[in-house]
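Undergrad: Got these off Swiss-Prot a minute ago, pasting:
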REGION    144-177  region 'Disordered'
COMPBIAS  147-160  compositional bias 'Basic residues'
COMPBIAS  164-177  compositional bias 'Acidic residues'
DOMAIN    208-373  domain 'Helicase ATP-binding'
BINDING   D221, E222, M223, G224, L225, G226, K227, T228  ATP binding site
REGION    683-705  region 'Disordered'
MOD_RES   T694  phosphothreonine
MOD_RES   S846  phosphoserine
COMPBIAS  1073-1108  compositional bias 'Basic and acidic residues'
REGION    1073-1129  region 'Disordered'
Amino acid sequence: MAYMLAIANFHFFKFYTRMRKKHENNSCNEKDKDENLFKIILAIFLQEKKKYDCISSGSIMTASEEYLENLKPFQVGLPPHDPESNKKRYLLKDANGKKFDLEGTTKRFEHLLSLSGLFKHFIESKAAKDPKFRQVLDVLEENKANGKGKGKHQDVRRRKTEHEEDAELLKEEDSDDDESIEFQFRESPAYVNGQLRPYQIQGVNWLVSLHKNKIAGILADEMGLGKTLQTISFLGYLRYIEKIPGPFLVIAPKSTLNNWLREINRWTPDVNAFILQGDKEERAELIQKKLLGCDFDVVIASYEIIIREKSPLKKINWEYIIIDEAHRIKNEESMLSQVLREFTSRNRLLITGTPLQNNLHELWALLNFLLPDIFSDAQDFDDWFSSESTEEDQDKIVKQLHTVLQPFLLRRIKSDVETSLLPKKELNLYVGMSSMQKKWYKKILEKDLDAVNGSNGSKESKTRLLNIMMQLRKCCNHPYLFDGAEPGPPYTTDEHLVYNAAKLQVLDKLLKKLKEEGSRVLIFSQMSRLLDILEDYCYFRNYEYCRIDGSTAHEDRIQAIDDYNAPDSKKFVFLLTTRAGGLGINLTSADVVVLYDSDWNPQADLQAMDRAHRIGQKKQVKVFRLVTDNSVEEKILERATQKLRLDQLVIQQNRTSLKKKENKADSKDALLSMIQHGAADVFKSGTSTGSAGTPEPGSGEKGDDIDLDELLLKSENKTKSLNAKYETLGLDDLQKFNQDSAYEWNGQDFKKKIQRDIISPLLLNPTKRERKENYSIDNYYKDVLNTGRSSTPSHPRMPKPHVFHSHQLQPPQLKVLYEKERMWTAKKTGYVPTMDDVKAAYGDISDEEEKKQKLELLKLSVNNSQPLTEEEEKMKADWESEGFTNWNKLEFRKFITVSGKYGRNSIQAIARELAPGKTLEEVRAYAKAFWSNIERIEDYEKYLKIIENEEEKIKRVKMQQEALRRKLSEYKNPFFDLKLKHPPSSNNKRTYSEEEDRFILLMLFKYGLDRDDVYELVRDEIRDCPLFELDFYFRSRTPVELARRGNTLLQCLEKEFNAGIVLDDATKDRMKKEDENGKRIREEFADQTANEKENVDGVESKKAKIEDTSNVGTEQLVAEKIPENETTH
């Protein structure tokens, strides 16, 4: 330690001497920078000296103390952290945003051109459209010309001379002197409260390099490698090294907001971060105090909040905008993407574990968001990387993609950076179908035979095919997913649950084996209803389990994860839906993952696997994917393997990413091909491919057994065959790949023959429904023979009647003019009304004779119609401006509800409930028109009754409040002395004591009867009161039971004061003042209670509180609410 201190001492004085020499020729600005650096070096020197003194004296610093000591040198030179200073740096001074940065843009372009000449294409394309970037290109050309003047043979490849190398070294030395020292972390930064792994340090250095070169980037490490920690460490670099404490905006999914805040507080506790969330009022308070008050370093918000609160967020000049799960902005037309493009920021960073999931255009959308000045034209980007036919061209394009993406994207996978994490073993388990599954599979195909055969001339709708696909996938999972498939009632949990689904048979064998081996299992499925079946199965087999799906509450979700990850947990199985449980969860206590079915998007399955296969996993993870052989699932798996092969070819080679510009996997042709796959086997075979025997419910028998070892061996060979098939495909094959290519060999197309073999068994025994549908051949020939005709109807349709909503209070005369105009339009176009027009105009009419009369009336109206006169046109325009067409039904219903809640005359309270959709003036105008024309509103009696009933409740509550006030004012100490003249009957076996009744009345008076949560507050007061500490009955009452007793007591008071209470204007004014006074007393009481809790023990505080409430508080409370000029009874 002494040696290290001596070395530090030597370097400190060496640095100090160099700074003094340098200052002789430096400007004031550069001197300030070096002065800060000098302070940092001095602080480090003093810190090392303090550590040496501690060790010499024998004292030991705690980890927290050591971190705080390590942090002190980094805090030197930070800007003052107070809201007023922050406002000068955080708030935008120019409403139009920042000006064009010629120097920064030139530096960025120069750096990219130094990496590859390919960027010149995009820069020139941008310069041709924008004169600002033409200026940048001119500066670059000028710099290039100046550089060429220094050497005569730069374009000739040869060895450098000593003179040239010396010149380059001198140039690098000058650049080091001109700028502050560039930090390259070789170990975990001291400002991070923990240790970073070596690859994470490399990631931080990469982010630092991007920042230095003014380039935004995509951190696309595989999930589980600590992207959040790397990002927080980089923000720490900006804060402590660059002295840029903010403002930073982190945008993340709602489920990970708290995790971001926890990680920031854990790794860099000095950073002031907060989450912008809550209801409208809570968000408004946060925005006013924290955001616009500039009392923050980092703001964390969800995608939805960004859209809702875009207006205040646009006022901040963000240093960095960081987007977690950045594939949310892959569509540049989405609302989130458009809103974010309106924000002003100096830099941007995208974080994602799945950089691209679909095509080239989505890659361009991400790059356009990061660097809009370079990647400005989507068409140009697509054309530049369009694939050619030859293999050489494919290799060239792959190399170009790597070169272009390399500066912006960092992607590492676990097997590369985490040597302690063993690679996961994946195996596709190919299972057959049970006899019940065969039956249902065949039934689904027969139900829509024309669509399955593809025999119609017109193409089937994509929705229809997707529906068939979904039903077939359900059948492959378990036939009990169909209503009516499970035998019963009575419904039993028996062996039939397992043996009616081949997948569950295999899973049953597999889980038994894994249980014996001591493994723990995660089971993922797309369908939450399948998890219901698996829950019954786990109960049947006595397997302890946890479950998470899309409907699981956040608290239950965390509890389930904690229970499963707890030491010595007995939970064997964790059931999860792929989308809800595949993101943001750490389940490394499991070592086996079972994918019960496959997702359309293979990245979702990879995310599911990574719940267990991530850093911290000590065992080798095994992944079993259940696939129904010769079914749609097999084709879905092939499609997923194709996508992942593309990822391996283009993304992993240089850790950059690209997805092909592919035909959609769910296109009609591809869907039809998937549906037809294996259909012939289903119709040819009447027996099961999985288990021929299906036991009856309740029999306790088992179906035919499965040899698991043999199945594993066969599945392993088939999995290898599938992977080998796609390993040989090149980039062009993958970009143009579709299912038809599998039928082409040696120049011949075998597709038609194979489709005949598939389809013909389906037509052998068509059902009656299919026989009727064969008449659709007429539709086919009609379409074929009329291909040249226009699909437009030969005559126009009659305009539909104008829809009038009675609550919008439009003038009734306007409807007459609209109808007259509609009839004239029909006459002018020569339209003859039909029965459809009768239904549209008069609704459903059951009487045929009446229908004919209405039709004749409609025809007569059309024949006798006349165009609107000029006066009628003017009246129509005037009447259209009247009414309240901007009030929709939802707002009208809310108006009715809050009018009853607050009373029809409480316009301000009603307007508060309807804000921000309606202003106070709009509500006042509508209320006036509503009560003046209420008879014009349909079912107005119903709405009037709702409001009047609610107003009666308000009036009754006020009467009860007044009766309660008068009763309490009769006694000096009502908690002990109050007596009811008409006490409630005590017929019940267990009733309330007089002391309990008095306490309920006192608490009702304290909080007010008009509060919705008054009985929840009364319950809390009872449980906090030491007088009832041993009264289990009273303490265990629910708010509903207390409300029942409270209403009974209030009715007794109403009897007592029934004749003496009149709610005149004077009484109402006094009660309003009392409410305000009571609110003030409650606030003071709450503040007093809070202070007491800080200074005394909890029990003494409660005693003081009840004594104050019972002896003094009530008397004072009643006295303050009684006017001085009113005498008590």
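Positions of Cβ are set from backbone N, Cα and C atoms, glycine also.
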Undergrad: Could you state the whole-number distance in Å separating the C-alpha atoms of M223 (ATP binding site) and S846 (phosphoserine)?
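TA: Counting only the Cα atoms, the answer is 64 Å.
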Undergrad: Between the Cα atoms of T228 (ATP binding site) and S846 (phosphoserine), what distance do you get, rounded to the nearest Å?
TA: 67
Undergrad: What Cα-Cα separation, expressed in whole Å, is found between K227 (ATP binding site) and the residue listed as 'phosphoserine'?
TA: 67
Undergrad: Count, for each of the binding-site residues M223, L225, the other C-beta atoms lying within 10 angstroms of its own C-beta, and report the residue with the smallest count.
TA: M223
Undergrad: Just to be sure I understand the packing, how many Cβ atoms besides its own are within 10 Å of the Cβ of D221 (ATP binding site)?
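TA: There are 24 such Cβ atoms around D221 (ATP binding site).
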Undergrad: To the nearest Å, how far is the Cα of E222 (ATP binding site) from the Cα of the residue listed as 'phosphoserine'?
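TA: About 65 Å separate the Cα atoms of these two residues.
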Undergrad: Any idea what the Cα distance is from S846 (phosphoserine) over to G224 (ATP binding site), rounded to a whole Å?
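TA: With the alpha carbons as reference points, the distance is 66 Å.
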Undergrad: Around the ATP site formed by D221, E222, M223, G224, L225, G226, K227, T228, list the extra residues of the same chain whose Cβ is within 8 Å of the site's Cβ centroid.
TA: G353
Undergrad: Which residue, of the recorded positions T228, S846, has its CB surrounded by the fewest other CB atoms within 10 A?
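TA: Looking at the recorded positions T228, S846, the Cβ with the fewest others within 10 Å is that of S846.
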Undergrad: Under a three-state reduction of DSSP output, how is T228 (ATP binding site) classified: helix, strand, or coil?
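TA: The residue in question, T228 (ATP binding site), is helix (DSSP, three-state).
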Undergrad: Give the helix, strand or coil assignment DSSP yields for M223 (ATP binding site).
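TA: It is coil.
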